[in-house]
Amino acid sequence: MNKSTYMTVENPMEAVFKYLSISIVFMFVGFLFGKLFVPASLVYAANIFVGVLIVGLLLFSLLSRKNVIPRSFSMNFVYLFTFVDGILMYPILTYYLYDLGTTLFMNVVLGTCVLFALLALISHRKPAGHYVGLGSTLLAGLVVLIVMSVVNIFIQGTVFNIAVSALGIIIFSAYILYDVSLLKYDIESGGVTCKNDLSIHVLNLYLDFINILLDLLRIVSDLTD
């Protein structure tokens with residue numbers, strides 16, 4: 001299928017959320033893969049690794065916003081990234097599962113899904129590009145968040161940890177508004193002509209979702225300790 005016919009077959013907005021769902025499935029497959037091969041001893045050290053992983057995800061988010069990552073690439077890269085991310089998150093998610101219990105853990109996951117869907121719907125209902133003006137402010141906020149997250153690795157204070165996580169939730173919630181608005185603008189302006197053009201949008205929305213999930217888990221864990 002060539003570029004000129006692809007988008008007449010598939011609605012690009014619907015396609016992004018379909019590929020995002022597939023990406024999250026790949027993440028959970030990676031999580032199960034990690035359960036089989038990652039040493040159980042790492043679960044007990046996950047509280048140390050969570051800060052490092054979050055900084056890594058934040059840096060990756062920054063690279064994607066600064067166009068260091070190409071704007072068009074194979075969707076298979078997104079699936080590979082989310083699969084590997086699932087493996088890396090196995091110790092951390094397992095730690096929170098043990099720490100919070102199954103019910104509370106699943107409530108946080110469900111809450112993340114509801115928040116994501118609500119913000120995506122709000123942005124989708126606005127005119128294309130409505131929230132694109134937030135880009136420079138959010139980018140500056142992301143840089144500040146990265147610096148604070150690095151400091152948090154060494155400080156490990158509960159209050160500061162909650163503050164960093166709360167800021168992360170605010171920034172990535174706003175990024176959902178921004179990313180959906182940018183996607184809608186790209187679609188209406190003709191910037192999306194094939195499946196590969198959707199990959200960067202899927203990747204950014206995945207990073208929004210995962211960062212909010214990890215920040216919510218950290219806050220709930222700190223508040224229940």
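Quick reminder: no glycine exception, Cβ is built from N, Cα and C everywhere.
Just so it is clear, the model here is predicted, and its values are computed rather than measured.
What TrEMBL lists as transmembrane segment is 16-38 (among others).
Residues or ranges marked as transmembrane segment in TrEMBL: 44-64 (among others).
Residues annotated as transmembrane segment in TrEMBL: 76-98 (among others). Sequence-distant neighbours of the transmembrane segment (76-98) (same chain, 6+ residues past either end, Cβ-Cβ under 8 Å): 19, 22-24, 26-35, 37-38, 42-47, 49-50, 53, 57, 105, 108, 199, 202-203, 206, 210, 214, 217, 221.
Look at TrEMBL and you will find 104-122 (among others) tagged as transmembrane segment.
What TrEMBL lists as transmembrane segment is 134-154 (among others).
What TrEMBL lists as transmembrane segment is 160-178 (among others).
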Beyond a gap of at least 6 residues from its ends, the CB atoms lying under 8 Å from the transmembrane segment (16-38) belong to 75, 78-79, 82-91, 93-94, 120, 183, 198-199, 201-203, 205-206, 209-210
Spatial neighbours of the transmembrane segment (134-154) not adjacent in sequence (6+ beyond its ends, CB under 8 Å) are 51-52, 54-55, 58-59, 61-62, 65-66, 160-161, 163-164, 167-168, 171, 174-175, 177-178, 182
Residues of the same chain, at least six outside the transmembrane segment (104-122), with any C-beta under 8 angstroms of its C-beta?
17, 96-97, 173, 176-177, 180, 205, 208-209, 212-213, 216-217, 220, 224
